[in-house]
C-alpha cells in the first residue's frame, strides 16, 4: 500500500481529477488507451504536464513546421535546449528565447528572475558559456498602479538574477499598451559561445548508464507550473502563487560553473536542464531522444523536506537543477565535482532498454509509461480560424499639430528612453560588451578574438493585430535591420510566439497568418529558426493581449575594429534611406490621435530589405558611416530626436515630406550619418541634414518647422518613465 495519500484511479476518473490538471476528457481517454488501463495519480500528473500547451505545442506545432530550420551556419536546430550556429574558427553561438509571462503576472520579481535563470541553464546545458542576456517586455499603460508594480518587479527580478550570476544584460525592448493590463509579457533570451567539440545533447542512452541529479533540493514550488502557463489568467490565478518558482542566482552560478566543468568529462553522455515540468520533462525527453527507457528511484532524489510524494517530485519546478546521464562506473567522478562546488547531487536511476519510463519509491511502482507516446505523441489540434475584417478606410491626419504631437509621442513610455530601467542591469560584467542597451543591437566581443556577436530582440503587436501576415514579416525584418545597423551579418533567429487563446477563431487565424509571414521573411532574409517557444492563453478576464511574436536574432561581426570610431560626430551628414509614405495604420500616431489601431498599412518588400541591408553593411565596414539608426516607432522625426538626444548633438534637417509623414512608420527605412569627408553611394539615399555642435534641434518641411533645445528634448525623453513611476506612487 502506498505511503502517500492520493486519489485512486477510480476517483480520478469519476471525479474528473484529470481536468483540474489540464487534461480534457478526450486526452484522458487517450492516456487510458496508451497505458491499456486507467492512470494513477502520478501518471495522470505526468501526462498532464507533458501534454500541456507549454510542453507539447499541441495547438502551434503545425505552424512551427513552416519555419526554415536549416542553413549554411546551422549546427543544431529545434529539438534541443537551444539552437547552435557556426561562427568560424571551430566556434559556435548558442541562443534561445523563452517566455515567463504567467508567473510574472502573479509574482513579478520571481517570475522574471526564474525566467532569466531558466534560459541561462538552457544555454549552459548545451555546454556554452553565456555571454549576454536580452529581454522583450510588454506591460499595460503606466497610469495604472498595477502595471507600475509589475514593471518595477520584473525589472528588479531580471537585474537581480543576471547581476548576481555575472552575465551582462545588454539589449532589450519594452512597450506599453492597455491590452497587456494584468498580463505582462516577459520574454528572456540568452546568448552563449562554445567550441564545436564541446556541444552537448539532452539524450539518455547506453543501457546501465547512470542518471545523476544535481542542484537545489526538490521542494513543492512550481508544481504544475507548465499547466499554469497553459491557462488563461483569471481572478483565481492569484491563488496559484505556489506555481511560481523561486530562483537562487548564487546556486545558479555554482551550477553553471560545475556544469561547464562537467562537460569536459568524456564520460558525460547527455545533460538537460530541469525547466518546465521539472524532472518529468527532462528525464522523459532525454529517454525519447536516446531511444531508451529510464528507471528512476525517487527515494534517492534530494528533497527539501520529508514527505514529498512522487507526484510532487516529478511535477515540481524547483529551480537551479540539472539532469545528467553518465557512463556506468564513473558516477563518483561527477559527484565529487558537484561536492567541490557545494551542490547537492545524487544518482537517482539508470538507462534501460525497455523504452518505458518507470518510477519507483522504495521499490513500489508509481509510474510505468511507454516513453515515446509520453514525449512525442501529445494530441495535435488543428482548429478553425476566422479572418478579421480589415479597415481599409483612411484616417485624416492633415491638421495635426506637429509640435504637440512630437512631445506627446516623445514622452510616451513606449518611445521614451529606457535607461532609467536598463541602469538597474549590469551591462558590463565580463568586460566584453562593446555596444550597451539603448541602441539598435548589442555587440559583445568573443573573448580572445577580434570577432563579436551582435544580438537583438524585437517584438511586434499592433501591426500583427491589424494584418497578421504582414506583421509577421515585419517583426523578422525589424530584427534583421537592427543587426545590419551595427554592421553584423544576420545568421539565425529564435522566436517566442505570445498570443491569446487559440480556441478563439480570430486568434487562431492570427497564429496561422503571422507565422506564415514570419516563415516567408526567414526564408528571404536567410535567417533560419533554430530554437523557440510558444506562449498561448495570454488573456485576462476574457481579454486577449495583442498577438505578439518576438524574434531574437544573432549576427556575426568578423572584425570589430570598425566599431572603434562608430559614433556620430559634429559635421557628419545625415541621409535617409528608404521611401516615406502615408503609412499610419498601426502606428503610434494612429493610437495617439484616434485611441485605437485598426487600419491597414503598406506591405513589406523583403527583397528590398536585403538590397538595402547589404549596401548599408558594406558602407559601415568600409568606414563610411559613423552611425545607423532604423526608423521605428513614432516615425522619422522621433528617430532624429532620439539620435540627437542620445549623443547630445545638435541637428539641422530639411525634408520634403508632409507634416503627418514626419510620424509615418513606413518600414524598411534607415537614418545614417556619413563621416566628414566621405561620400555615400547607396540607391534611394537622400541627404536630409547635418549634425552640429549647437544645442538646437531643427527640422523643417515645406509645411512646418520645429526648433527645440536638444537639452530639453533629452530631459523629456530620458525622464518620462521615471516621472510616470514616481508621480503615480
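Glycine residues also receive a Cβ, built from the backbone N, Cα and C atoms like all the rest.
These numbers come from a predicted model, not from an experiment.
In the three-state DSSP classification, residue 54 (active site) falls within a helix. The active site annotation in Swiss-Prot covers 54 and is backed by sequence analysis.
The active site, proton acceptor annotation in Swiss-Prot covers 100, and the record cites sequence analysis as its basis. Remark: residue 100 (active site, proton acceptor) has 111, 112, 114, 115, 118, 186, 187, 188 as non-local neighbours, by Cβ distance under 8 Å and separation of at least 6 in sequence.
If you take the C-beta of residue 96 (ATP binding site) and look for same-chain residues 6 or more apart in sequence within under 8 angstroms, you find 81, 82, 83, 119, 122, 123, 189, 190, 494, 531, 532, 533, 552. The ATP binding site annotation in Swiss-Prot covers 57, 96, 495, 532.
DSSP assigns residue 533 (Mg(2+) 1 binding site) to a strand in the three-state reduction. When Cβ atoms from all protein chains are considered, those within 10 Å of residue 533 (Mg(2+) 1 binding site) total 24, not counting its own. Taken from Swiss-Prot, the feature Mg(2+) 1 binding site covers 98, 533.
Swiss-Prot lists 99, 100, 101, 102, 121, 245, 317, 318, 319, 535 with the feature substrate binding site. Cβ neighbour count for residue 121 (substrate binding site) (all protein chains, 10 Å cutoff from its Cβ): 26.
Summarising the annotation, Swiss-Prot assigns Mg(2+) 2 binding site to 122, 273 and lists sequence analysis as the type of evidence. Listed in sequence order, the residues of the same chain lying 6 or more apart from residue 273 (Mg(2+) 2 binding site) and placing their CB within less than 8 Å of its CB are 81, 118, 121, 122, 124, 125, 282, 321, 322, 323.
Residue 495 (ATP binding site) falls within a strand when secondary structure is assigned with DSSP.
Over all protein chains present, the Cβ of residue 317 (substrate binding site) has 31 other Cβ atoms lying within 10 Å.
The closest partner of residue 319 (substrate binding site) among the recorded positions, by CA position, is 98; the full candidate set was 54, 57, 98, 495. Neighbour density around each Cβ, counted as other Cβ atoms within 10 Å, peaks among the binding-site residues 99, 101, 319 at 319.
When Cβ atoms from all protein chains are considered, those within 10 Å of residue 495 (ATP binding site) total 27, not counting its own.
Each of the binding-site residues 98, 122 was scored by the other Cβ atoms within 10 Å of its Cβ; the lowest score goes to 98.
Across the structure, residue 99 (substrate binding site) and residue 54 (active site) place their CA atoms 10 angstrom apart. Every protein chain considered, the tally of other Cβ atoms within 10 Å of the Cβ of residue 57 (ATP binding site) stands at 19. Checking the recorded positions (54, 98, 101, 317) against residue 495 (ATP binding site) with a 10 Å Cα-Cα cut-off leaves 98.
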